[in-house]
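Reviewing the structure listed below.
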């Protein structure tokens, strides 16, 4: 009953013009991600040198670390898109759940001396209970009010972390992960490749779960809520419960990403609790294209890569020789990214994925 | 007793800052449906404008604040005309643009003036104290409260007594209807941005006095509490914002003094949760 009721859309040009055999299309659509992920999986064996693009040869720890961070953020952006792009929930507090994963595991291991599996189990528990409770309150309101409530909740999280209660979070200094906490194959610079594969695994897991979820029955209701929530309610569906489900799934996946991020950077920094951190995911999703997990992935990689490389560019010789009027703004990655974002909103409302679609149509 | 008086006045001072930011946010949101993230930027422009004209042009305190407020107003009007207006009816994109602006603007300020807090020119009389009922109260608290009261009255007079105020009030109630009557709401948009920008810039200058310094990130944390104030007060209601700003300021001051630091902020969010669970539309709001 749900399917027939909600899946209807205007007929577009794409529907009436001849297109390639659907079976072939489906195969291509499945083959491309597999090929891309296979390529990503063998990158740590490559000694390709891309001097302008990466800090070292591809399989040097520096490059792998950067690539791994890009993959983790791509996954996190996809979880944000599940809320914003798929369900239409504009959360300004996503950082809270990422920080929850990072700090829970870190504190459990470093401060309370729990074993890693126990800490992970604790994180899973916390990552399910906290979003359920907070989401249940925040979702009492709709639209922009929901955004503000999530923002306020995340802000409390940020303040709690900053104020260093019981010397647990390390305050502004952050909290480094005890090196002995990680199993041997994940610790040390020599094992960066394993961390890279962990990040890649996280991204694949997120994309698989989201892909499965949005095509499931609740996923169709999420889409309907995004389009017209009133209509969903009129159909007698409890839209509140479906929104809460989307919130918990996205937050739980974000929490897992926080754990991977912790392993990757070897600690938790209060940076990941700030509202700017959440806004970065909004920017990533819009850059890539909302409502598409590939778009979010692409936006996440692009944003993270630019963020890191622009910071390096800002201190490079080429920029240092520029006059101060140009040098100062260029050395601030957020300035460049913010302007790029505004330009995208104006001239490419659908993000990068819409560009691909537009090119295909020509 | 003296503690209570001091905390009450400090809480009111903080509430005054929140109100100055929230009034503009609330009007802009009520009329244009835009959650204006760039509001923190207007605030920062006001603060840095005041600092800059004082440090580099040698302005006295009051002209420096005027300079800062004018700078903030100009930026707000430019933002509305150049960036918000072309996206008319595309609300979500308007919000996104203000998000981009807030990121880029704060980064630009940081690139220009540095990330470290700058000492703010505080007039001597604002640093002195007054004894009230045994409490020694810094004078800047009175400055903040007075400024917020003046702005509140001015906005109310504007909304109740002028033709543009009538259009803004009607637009907040039902924008579609006002447009259908053939009234140009866009002028009202610009006006509301100008008023909001001016109030935010004034808040920036006064926040400089209150905290004793300006830093690029200051606007963001104030903005978040202003958001909370707007939600508690009921979106689009200036009076609601005023009441809830006072409430939030007082709750924050008293709880952070009598409980641990950080509890103040947490209790504000608890207040927000309680209000939302009992009155989803906020104190002054209709049910949404």
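Placed from the backbone N, Cα and C atoms, the Cβ positions cover glycine too.
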Given ranges A:195-214, A:215-234, the stretch to which TrEMBL attaches the annotation transmembrane segment: A:195-214
Chain residues outside the transmembrane segment (A:334-357) and at least six past its termini with a C-beta under 8 angstroms from it: 276, 283, 285-290, 292, 294-295, 298-299, 302-303, 306-307, 310
Same-chain residue ranges lying at least 6 outside the transmembrane segment (A:120-139) that approach it to Cβ under 8 Å: 93, 96-97, 100-101, 104-105, 108, 114, 146, 149-150, 153, 240, 243-244, 247-248, 251-252, 255-256, 259
Maximum Cβ pairs under 8 Å to the transmembrane segment (A:277-296) - stretch from the list A:27-46, A:66-83, A:195-214: A:66-83
